[in-house]
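S.K.: I'd like to ask you about the structure that follows.
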Amino acid sequence: MGVLERMILAPLPAQLPLLRLLIPLLAFAFLAFAGVMIVSTGASLLARPWRPSVARRLRELPFGGPAPWIVFGLAPPAGLVFLLSASLAGAGLDAGAYLARILALALAAFVALRLHARRGHPAAGLIGLLFLLGAAFHFVATLTLVTFPEKWARHAAPLPFLYSIQPAVQFKLFLACSAFLSGAAILLSRGGRPDPESVADRDDEAALRRVGCGLILGGALVAPPLLVWDLYTAPDISLTLRVFGSALLMLGLLLAGAILALTMLRRGHARHATAAAILGLALLGTLAYRGQAARADAAREPERMVAVAAEARYAALVAEQESRYRTDPPDEALGERIYRERCSSCHAFERRLVGPPYDEVVPKYAGDLAALAEFILNPRRVDTSYPPMPSQGLRAREAQAAAIFLALRVTGEADASVFGPGASSESRSGEPGAPARTEEGP
């Protein structure tokens, strides 16, 4: 993955909080979509022998078309390839390479499950389910590996596997939460729009309601012990108030979902399907946030090393650019760009705008290009009939380039040798080390 390493630029410390926000957001998008796909496909394969019509509606549940697969199934892990690599650049864990390989499994699963949804081939559904289970497991294992910095140096497999009991526990917890969300999605679908006159449609709707409520109840019953097991096996450094608080929130969401499912089962309706779906999304979102909180706390020291290395690289790049800037001669093209971006709103060459026309002002500096550059750098009020000219915050070399451009445009000649190859100053207007200047000008 040398190509990937060359594509990644380590983030600055100010960018790390944004990465901590984007990583769980993309992880949530993939896990929610993959979880519904896994559970609905598995339920469809199990229902096929005894209720083919229910199996068909279950396999068509996860959106059907290729667009959701691209947006939720492929784009999030593809984005995480770069975000996770950037957040751990130089830390010794090739997490981005793992996720790039997982993309191949997700793509194979997409092709097989698409064939299963359109043609109903059980073999394609089983193959797609296995591929998607593999992609989801290794996705969870990769994110979990970040919470074990002590294992990074010893882990050299193409994909992370059972380096600890934690990936297995977290994957089971993900499946339980996915069953909860999938049950809510089935209740929302209710088999499409059944014909009220059709006994078969009513039977299918009742079967889907029982399956949906059963999945919610099953997820709500299985997830709590897995959550406790996950906390028990987690590294001590990752067990913070945020992790415990999110675990308590997940327990509350599971309890609320179980109550809704029991109510719908007892009364024979699915009126609380929307509320159950909201609880399911909140459950997967809290799971993704909890994982990011644990990763951030466990990998705090490696991230600090990444930030220090990034600052050093950035400082070296700035020093290289500044060295080149000091030795390059003033550039007419740079002066023209500065004129367009900074000066053209107030000055023109042949007519008065806010300030005087350049055709009247620039000839006064004929033979004294350095004085014109100094005036651009340090504007001062000369003619009281014009408003004060504000300082533009230019560097000395930028002011010299602007002076060369104006002189060439107005008089047709400019002797840039008066500035010398290294006559630039590093200070800008208003910065320490810059000459004192006023906020006035003609």
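Cβ coordinates come from backbone N, Cα and C, glycine included.
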S.K.: Pick from 208-229, 362-383: which stretch is listed in TrEMBL under transmembrane segment?
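M.R.: Checked against TrEMBL: transmembrane segment maps to 208-229.
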S.K.: Ranking 21-46, 95-113, 125-148, 168-188, 241-265 by Cβ pairs under 8 Å to the transmembrane segment (208-229), which is first?
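M.R.: Top-ranked stretch among 21-46, 95-113, 125-148, 168-188, 241-265: 168-188.
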S.K.: With Cβ distances under 8 Å as the criterion, find the stretch in 21-46, 95-113, 168-188 that has the most pairs with the transmembrane segment (272-289).
M.R.: 168-188
S.K.: Limited to the domain 'Cytochrome c' (330-410), I'd like the whole-number average of pLDDT.
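M.R.: Average per-residue pLDDT within the domain 'Cytochrome c' (330-410): 81.
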S.K.: With a Cβ cut-off under 8 Å, give me the same-chain residues at least six positions beyond the ends of the transmembrane segment (168-188) that come close to it.
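M.R.: Sequence-distant neighbours of the transmembrane segment (168-188): 31-32, 34-36, 38-40, 43, 58, 61-62, 136-137, 140-141, 144, 162, 208-209, 211-220, 222-223, 226-227, 229-230, 233, 250, 254, 257, 261, 264, 270, 273-274, 276-277, 279-281, 283-284, 287, 291.
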